[in-house]
Structure formats: C-alpha cells, structure tokens
C-alpha cells in the first residue's frame, strides 16, 4: 500500500507542520486524521507538529510547547469557546488538536445537536483555524462528514528504538486527491511521504498532558456513573469488592 510513497523530505521539520505553516501564511486550511493503535504515539506526533508550528511562527521552544498544549482539546465545547474569541477579534488560530476525537465525534452520534453545530462550523472553519488535527485509534470511528474532509490521513506505527532506548515511530501520510472517473467526482487517498520522529516529549510537557487528560477522564467517568445511576437505581453492586483495596491490587 505504501510502495510508491515518496522518500521523507531531508529538512528537519515535520511534513505536516510545514503544510500547516504554509496554510497559516496564505489563508489556507489543512486537516488531518491521525490514527493508529493505542500507545503508538499519535498524540506525541500531533503535539510535536503543533510545537513546530508555533516555533516557526517565532516563539521560543518552551513557549511553543505551552501553546501546543493549549491547542489540544478533549472536548468540543472548549475548542469552540477559543474559536469564538479568535473569530470576534478577526484572528486565525494556527492549529487545533482534537485528541481522541472518536469519543465525541463518532459516526453514531451524528444526529446530536452538538454534532450538527460542529458540522456547520466545520464548513467555515478555514476562516478561524489554519490546521485541524484529529487523533483516533481508527478513522472509521469518526463521522463520515469529517472523514471525507480530512485531506491528510496519517497512520502511526512504531519503528524500533534509538540507541538510548527511546521508542521511534513513523507517520505515513496519505493525501486526499479529488479525481473524476466517468464523469463522477471521487476522493482517492494517495500515499505521499513519511515523518520519522521519537515517541518522547519533554518531561514537563508529558506530565502536563497526563494531568489534563486525567481531569478529562475523571469527568467522563462521572458522566458515565450518572447515566448508569439513572438507569439502575439499586445501591447493591454486583461486584461488592470493586477493587477498593488498591494497595492489594498494585502490590
């Protein structure tokens, strides 16, 4: 499938970051769906792309990492709040990352009011954001409306380790090409290039990301607990232990 892929560019910057930078400087737009098995480095790649974008816009590396973290969202409403502020001030956001987007942007929820609003915004999103990245274990988790507009499809796979033991990964990038076959317009993905990178973030960046994700996951668990409580009013758990003795479990 990737046999005819072009060789990786020789410069130091990630290919996707370069595309988003070019879009930001020319009032263009880039969107990408990053997928791969859990733990392969999807979020790491997305954050490294965002960091490079901000660094190339003139920010120092540490500040660029901060902005990259602040550009990553777990929930749609948080991103929409920022987008609204930028739109009101006639400014364009360089990049937004929707991490684990399949959780809320899944194809089975396309009819929800929140999703319908997002689809409407996505039609004009290029006026607000230069680059949008979605991460998900599988692109099939995401609603077709968004998938068909994902002009870059990026598959993340592990690729060994560096001498110091740091895991490496490769981002295989496919570009969506519009073709006309027998009078019909079709979209066809063509493998274009690769980005090689290490699956490692600065310690403080990783810790901050983990902390933000923890807050989001705890909120998800609370919401799920509320749903289950509303469906089942009984106070008697089927598993009375509930692994409450954490020390015994993790010894």
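The backbone N, Cα and C atoms fix where each Cβ goes, and this holds for glycine too.
All protein chains shown were included, and the count of other CB atoms within 10 Å of the CB of residue 37 (ATP binding site) stands at 12. Under the heading ATP binding site, Swiss-Prot lists 36, 37, 38, 39, 40, 41, 42, 43, citing a curator's inference as support.
Per Swiss-Prot, region 'Disordered' is recorded for 230-251.
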DSSP-derived structure type at residue 43 (ATP binding site), helix or strand or else coil: helix
Tertiary neighbours of residue 36 (ATP binding site) (same chain, Cβ under 8 Å, six or more apart): 42, 137, 155, 156, 157
